[in-house]
Amino acid sequence: MNMNRFRKTTLSALVALSLGATGAIANDQISKPAGAKGTGMTKAFQPKSNQFWWPDQLDLSPLRDHDNRSNPLGEDFDYAKAFSKLDLDQVKSDINELLTTSQDWWPADFGNYGPFFIRLSWHSAGTYRTLDGRGGGDGGQMRFDPLNSWPDNGNLDKARRLLWPIKQKYGESLSWGDLMILAGTVGMENMGFDTYGFAGGRTDDWEPDMVYWGPEVEMLASDREEREGKLQRPLGATHMGLIYVNPEGPKGVPDPMGSAKNIRTAFARMAMNDEETVALIAGGHTFGKMHGAHKPADCLEAEPGGAGLEEQGLGWKNNCGKGNAEDTVTSGLEGAWTQLPTKWTSLYLQNLLGFEWKQTRSPAGAIQWVPTDESLHTSVPDAHVEGKKNPPVMTTADLALKYDPEYRKIAERFLADPKEYQTAFAKAWFKLTHRDMGPKERYLGNDIPRENFIWQDPVPKADYKTISDKDVKKLKADILDSGLTVQQLVKTAWAGASSFRASDLRGGANGARIALEPQMSWEANEPETVKAVVAKLKELQEDYNSRMFSKKKVSLADLIVIGGAAAIEKAAADAGVEVSVPVVPGRTDATQEQTDVNSFSLLEPTADAFRNYYNAEASYRSPTDMLVDKADQLNLTVPEMTVLLGGLRSLGANTGGTNHGVFTDNVGTLNNDFFVTLLDMGVKWRKTDDASVYEGVNRSTGEVMYTGTPVDLVFGSNSELRAVAEVYAYDNAKTRFVEDFVDAWTKVMTLDRFDLRHDLNAKLAK
């Protein structure tokens, strides 16, 4: 779905909201104002995609995004090297100076931009979701639509403009992705909070990610509940255009307990438990304020994506009063949570738990809460008007922490122990802002916490010498002599390496977690096959390591990859093509204690077309769409996806040993029969009673020759895929096919080897 196609809407009863605010975390977003340009219409002379005419046609564009040709820095740019030239202390000093240097065109609340930048950081990182790893701060995606124009990101375009002089000063050495996270972290430190550190390494993207943000076609709509009211997979937010939930309550209903349910779901889907959730909400709402001085529909013009050229990328032009300062309109909610909005205190928890609250409405008409004790209504200084006093406020979502029994226990504990509260928030903030960065080895800078967190999927450093190419060659021979079959070795190597997700850089072959729970028991991985291969390879590992006297060892992770390479070399040779499959050793083995079973369970494939595996109950898209999704997560191009699937079919790598798509009489050899057969006009395909299976019959005799699934037949049906398939079906394509397969296979085996790449950016590996 093209999220840039917004339908024109007026202000609805729902004033768009999530869990923070301009001043804090996530609350300052707005309803789509009258006059917004995002209409979802096609402009004159605009070319129409094939999906416009045939919506069910497979969209391959995710496999063509983030091309290096979009990168003005060039494919050889080394961000890690550029970042190393930074004086990070000087960058922080520059940010600190900016924080208290208020600009007339966008004055700082309470004289400090810290809360504003905290919200920027939160919303940059807060789109991350665990189910598919998409979203997050890596890439600096908030610079681009649709995120740039989401209602929840209202006025954050100004935050980035405030930071532009710093970005301009440091140029390519400081990415927008890093700067947006660093600004909020420094903002906290400026206001007296002791953070847990900061790591650079977020390489900038140069175009928006293609992400499914929900089924809705209007901003702030919510049509994403499945059976039993569960939030549709893989989404994390409850409304289109929001980071998390509606702070006024579920679909605008001021129900704190209902809000608690939504909060628990949304935060769990961004990898946060109850304690982290309370720490983040309470800690974030300690700072700053929300903005609803006027009704958005009466004041605001179009979001950035719909604004005129003269606005130069800025949106939400405010035509009421000053247009900023005390007239600022963002979410429609208005006010600060604490009496000291630019200081780290426990006042948020004191206010929340200690006061009784009554429902009211902001000047914009949004539902919010103020203390029943009216003597408190003059306890909060105004952000801009000297001498004016206001009441502290809470949202319905804030009150969820008071009324939900589990959240309240945590909040009371934090209030009683400020040190525990501070530590919990510091760790949760670091996790929030670094969760999508992948392994710790990608981190840059001198402010990285020494502590290893289990959510970083730690892999130990080798305390031994790495094996040589000569050792690899010998081990290949030993593995082939071990009695393990080509299919067993290929399946296990693929199962381990293909767990990689480019979206959040989790999974992969390193760590040999295929030999640990939960991965060993995943249905798609054929647990019995994995156990047999792992057991045999461990025998070889023990034998090899016991014979070495030079402190040289081989890891199980390397052995699994070596085994797959050996199997492919044999399969290619059996097909008449001699080839060497490269292996770069250096992987190490994680332990079960270093593996968060619940967290890793989210990586379990619900579909893997390369193994002809599809779980209809768990998958949220069609088999062919899941094929593209899987290929996208593996950073494959269209040709790489094509050659890998065809080769794996000939190798007999299907889960469960099914024959669907195995269009060859020479199973276990690396041949191009899949493509030759699929394009053979002597074979006619027809549906069966099982909608997921097709039969290929001899066009002359009617004899059933093969069976296939949608992910097999799409390579002959889709015109783009057929064009590529033809190349591999040529009479002289045997060698090209094998060489291309080996290249694509090796790419998958090394996707998580960031030590072998300088760009740090998996997205640009295409």
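Keep in mind that glycine also has a Cβ here, set from the backbone N, Cα and C atoms.
Swiss-Prot has this to say about the protein:
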ACT_SITE  H123  active site, proton acceptor
BINDING   H285  heme b binding site
SIGNAL    1-26  signal peptide
SITE      R119  site 'Transition state stabilizer'
C-beta crowding around H123 (active site, proton acceptor), within 10 angstroms: 28
Helix, strand or coil at the residue listed as 'heme b binding site' [DSSP, three-state]: coil
Neighbour count (Cβ, 10 Å) for R119 (site 'Transition state stabilizer'): 33
The residue listed as 'heme b binding site' versus R119 (site 'Transition state stabilizer') - Cα distance in angstrom: 10
Pairwise Cα distance for H123 (active site, proton acceptor)/the residue listed as 'heme b binding site' [Å, integer]: 14
DSSP three-state assignment for H123 (active site, proton acceptor): helix
C-beta crowding around H285 (heme b binding site), within 10 angstroms: 34
